[in-house]
Amino acid sequence: MGDAGKGKKIFIQKCAQCHTVEKTGKHKTGPNLWGLFGRKTGQAPGFSYTDANKSKGIVWGEETLLEYLENPKKYIPGTKMIFAGIKKKNERLDLIAYLKKSTSE
């Protein structure tokens, strides 16, 4: 598993413009990520998802996020997430470690 401290820096640099992680965080361009792990795609309450996200039907976990974050548009064709992805596996692992910690405490 990755380093949550490094993952926080990656989140701030690459994700925080569109996402929040706090329990009471608001949706931005992207959904609030609180409760992400164990939730199906397209299910954050109050966020308007594309049909592609709603119908993907996978459950977010370490493995699914590892694949998704490498190339979101390849993993969920039709997603409105405008993000090229993170090619370095160790950076994705760090980000996932941070998300796992910050979206459930």
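A Cβ is built for glycine as well, from the same backbone N, Cα and C atoms used for every other residue.
Annotation comment: Swiss-Prot describes GLY2 as N-acetylglycine. Swiss-Prot lists CYS15, CYS18, HIS19, MET81 with the feature heme c binding site.
Swiss-Prot feature annotations superimposed on the structure.
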residue: GLY2; record: N-acetylglycine; Cβ contacts under 8 Å, 6 or more apart: ASN90, ARG92, LEU93, ASP94, LEU95, ILE96, ALA97, TYR98
residue: CYS15; record: heme c binding site; Cβ contacts under 8 Å, 6 or more apart: GLY30, LEU95
residue: CYS18; record: heme c binding site; Cβ contacts under 8 Å, 6 or more apart: LYS28, THR29, GLY30, MET81, PHE83
residue: HIS19; record: heme c binding site; Cβ contacts under 8 Å, 6 or more apart: PHE11, LYS28, GLY30, PRO31, ASN32, LEU33
Chain-mates of CYS15, CYS18, HIS19, MET81 with C-beta within 8 Å of site centroid, heme c: LYS14, ALA16, GLN17, LYS28, THR29, GLY30, PHE83
Residues CYS15, CYS18, HIS19, MET81 [recorded heme c binders]: greatest CA to CA distance in Å: 11
